[in-house]
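So the structure is just underneath, and the comments pick up after that.
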């Protein structure tokens with residue numbers, strides 16, 4: 001017989017049989033070897049066929065293995081030949097193929113030959129249930145009336161089972177999430193599916209709006225019988241594109257697989273609906289020189305109505321791939337899936353609530369659901385509902401689940417702190433000086449205190465964890481019973497439904513109530529370690545961590561901090577009372593929730609001479625709001641003096657170099673949406689730059705070069721300018737209102753009215769006087785004292801020395817900047833020299849005084 005007339009799978013089985021014979025030192029390849037090799041093939045087709053014929057495939061595999069071990073062995077034989085028994089069986093197989101009209105000999109025909117075999121292989125197979133009649137029936141069912149016309153024919157069988165996932169089956173066993181709402185879209189899809197031709201809906205919408213969920217909803221309705229008569233008992237299959245492409249090594253192999261899928265669907269005569277998620281991937285899939293792609297292979301079947309297909313893709317990809325192929329586009333009917341409203345999202349989340357509670361073993365409260373929908377809509381602007389709201393619920397529940405399963409955050413922090421202290425203790429033990437011994441004593445005390453605290457917390461945690469897990473187990477059992485009730489209702493077994501619904505279910509609900517009550521009674525709110533509920537506060541925490549925006553309810557400490565905001569800012573900014581008050585009011589309005597949600601927290605134009613605290617106030621504000629100056633986005637507008645430099649702020653347009661990189665301003669705000677944006681020296685920028693700032697100041701949004709909307713609603717925008725600084729110095733003796741009026745006139749000549757009209761406040765910084773400079777000197781000296789404290793040195797400076805520094809560093813034209821230079825020259829330089837000379841050592845006091853026209857530094861030892 002010719003080996004090239006065997007199917008590819010049969011040839012592979014023969015090669016595996018040869019390897020088996022070599023591995024067992026058998027001189028001949030016997031039917032036992034080939035039968036075992038077929039059973040061990042990775043796709044499991046032979047096993048499935050034998051199982052259909054009522055054969056115990058697992059038992060047969062073990063028996064064949066044992067029989068091979070009993071075959072005669074020859075040591076050193078490098079060549080194996082086809083044995084006489086196998087040769088005669090292969091001839092019998094060929095006859096079976098001719099009888100059936102096959103062009104290639106398939107592996108299942110060898111099983112028919114084995115069924116009639118009088119040798120060892122036939123005996124073992126019959127012992128495990130192999131019968132010719134049952135096997136023939138199984139082969140006919142698998143072949144579906146087809147003959148074997150190509151070498152790849154076997155691999156194309158049962159293509160639907162291999163390359164699709166049955167969505168209706170998943171709905172039947174309760175694997176799919178419930179689909180709430182979307183009735184109009186599902187009804188429209190059903191309407192299109194009932195057409196005579198072009199009965200193929202394509203769901204188009206933004207990522208995350210629920211396109212796939214609509215198809216899942218359709219599958220659930222089919223299972224529940226809530227569809228028109230023509231759709232009842234149909235199957236919804238999801239095409240596995242990755243499975244179709246994976247391992248298609250040779251040209252034409254992918255096309256053969258897809259053709260097999262289409263043929264199988266055609267055989268089902270309209271009882272199958274094929275769902276292709278990300279349908280744009282079909283355009284160009286499998287394309288090679290001289291070959292047609294998957295999209296073109298689908299067109300004839302779609303046009304004839306043989307293929308009921310539902311597609312899903314995003315708006316961008318539909319435009320980019322499907323619309324370009326007009327012939328493919330006309331075969332689909334568009335169903336637009338819009339983003340649901342906040343109210344609709346809340347309804348969707350309530351439907352999913354039970355599934356997520358069950359998965360995470362926690363309780364999700366209704367305030368958490370409302371907060372997830374509202375906060376995601378307001379603060380996560382680059383994604384779409386309901387996906388982003390579901391993500392918040394999922395992550396908040398996962399966080400609480402993680403606390404239950406692993407150590408709570410409080411214990412984890414204690415544990416890490418203990419490890420840190422123990423490492424430090426070992427390091428300090430090696431030192432012998434007095435300071436190190438004192439430090440060792442403190443470390444020992446701290447370790448003892450923390451270990452006691454940790455032991456107390458561990459005891460509470462274990463008790464709470466046991467109670468939480470008890471309730472979760474009962475919830476899982478309730479879910480299983482509900483799924484069983486739904487299945488029995490579909491099958492019409494109402495007696496069993498009644499038994500479960502009125503017997504088992506109330507019993508479990510009673511258990512759950514008891515478990516929840518036990519959990520609640522074990523709660524000691526002040527000491528409670530484990531949270532078992534997801535509330536609005538937990539959702540707010542997730543949003544805050546993701547965006548850096550403080551959306552949680554204000555604690556009393558933060559309320560007090562905001563009420564005393566002016567005092568905190570005045571610790572760094574001296575003399576500019578009006579500026580500090582205006583900025584503080586803007587922040588309080590936004591944090592209290594009464595500011596316009598569609599505008600930035602505040603937009604200010606700071607005007608004044610150099611060195612009076614404009615930039616310092618921005619730094620102080622960033623430090624106050626975020627405890628870090630890193631949230632200050634500072635852009636020097638003198639870099640944007642040319643017209644074309646606007647693109648550097650928002651990113652280059654398509655086709656230009658740097659398109660992928662994004663803009664300075666837009667990228668910085670996308671990464672830190674809650675920040676202070678400082679546009680320094682704004683009057684030096686090109687007038688066209690102000691045009692892009694108009695929509696930021698008015699609507700709190702800006703579109704970057706890639707078409708993405710960047711949200712500025714949680715930023716404070718500050719622009720500084722030196723316009724009118726000469727007027728401020730010349731009119732120093734005039735009242736603030738007169739100065740502001742004069743400066744305002746000059747500002748109006750430089751900036752456009754539509755720009756000035758959108759700014760919340762124009763703040764005029766007045767020139768600093770001698771008293772202000774003295775206060776600033778004390779702030780600067782405190783910073784120097786803090787730096788010296790790191791070296792265990794104490795700085796003590798007398799009032800005459802401060803006064804002299806203030807007078808030396810006072811210049812009405814340059815503001816406070818000369819003061820820094822005065823401190824550097826008069827204090828820092830001499831002290832640095834003395835430290836290097838060894839005149840000051842740790843524990844010393846560095847006294848600074850001024851008399852007889854110069855500064856003195858007389859060492860004092862403590």
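Each Cβ is built from the backbone N, Cα and C atoms, and glycine gets one as well.
What Swiss-Prot lists as ATP 2 binding site is 608, 609, 610, 611, 612, 613, 614, 615, and the listing cites similarity to another entry. The coiled coil annotation in Swiss-Prot covers 390-524 and is backed by similarity to another entry. According to Swiss-Prot, the domain 'Clp R' annotation covers 3-145, on the basis of sequence analysis. Marked as region 'Repeat 1' by Swiss-Prot on the basis of sequence analysis: 6-71. Summarising the annotation, Swiss-Prot assigns region 'Repeat 2' to 82-145 and lists sequence analysis as the type of evidence. According to Swiss-Prot, the region 'NBD1' annotation covers 158-339. Feature annotation from Swiss-Prot assigns region 'Linker' to 340-548. The region 'NBD2' annotation in Swiss-Prot covers 558-767. Under the heading region 'C-terminal', Swiss-Prot lists 768-862.
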What stretch, picked from 6-71, 158-339, 558-767, 768-862, has the most CB pairs under 8 A with the region 'Repeat 2' (82-145)? 6-71
Model confidence over the region 'NBD1' (158-339), averaged pLDDT: 81
Just to verify: the residue among 609, 612, 613, 615 with the fewest other Cβ atoms within 10 Å, which of the binding-site residues is it? 615
So what sits near residue 614 (ATP 2 binding site) in its own chain, CB-to-CB under 8 Å and at least six residues off in sequence? 606, 608, 720, 765
Around residue 610 (ATP 2 binding site), how many other C-beta atoms are within 10 angstroms of its C-beta? 13
Quick one: what's DSSP say for residue 615 (ATP 2 binding site), helix, strand or coil? helix
Counting every protein chain present, what is the number of Cβ atoms, excluding its own, within 10 Å of the Cβ of residue 608 (ATP 2 binding site)? 27
Around the Cβ of residue 611 (ATP 2 binding site), other Cβ atoms found within 10 Å total 22
Going by DSSP, how much of the region 'Repeat 1' (6-71) is helix, how much is strand and how much is coil, in residues? 46 helix, 3 strand, 17 coil
Counting by DSSP secondary structure, give me helix, strand and coil numbers for the domain 'Clp R' (3-145). 95 helix, 6 strand, 42 coil
How does the region 'C-terminal' (768-862) divide up by DSSP, counting helix, then strand, then coil residues? 51 helix, 19 strand, 25 coil
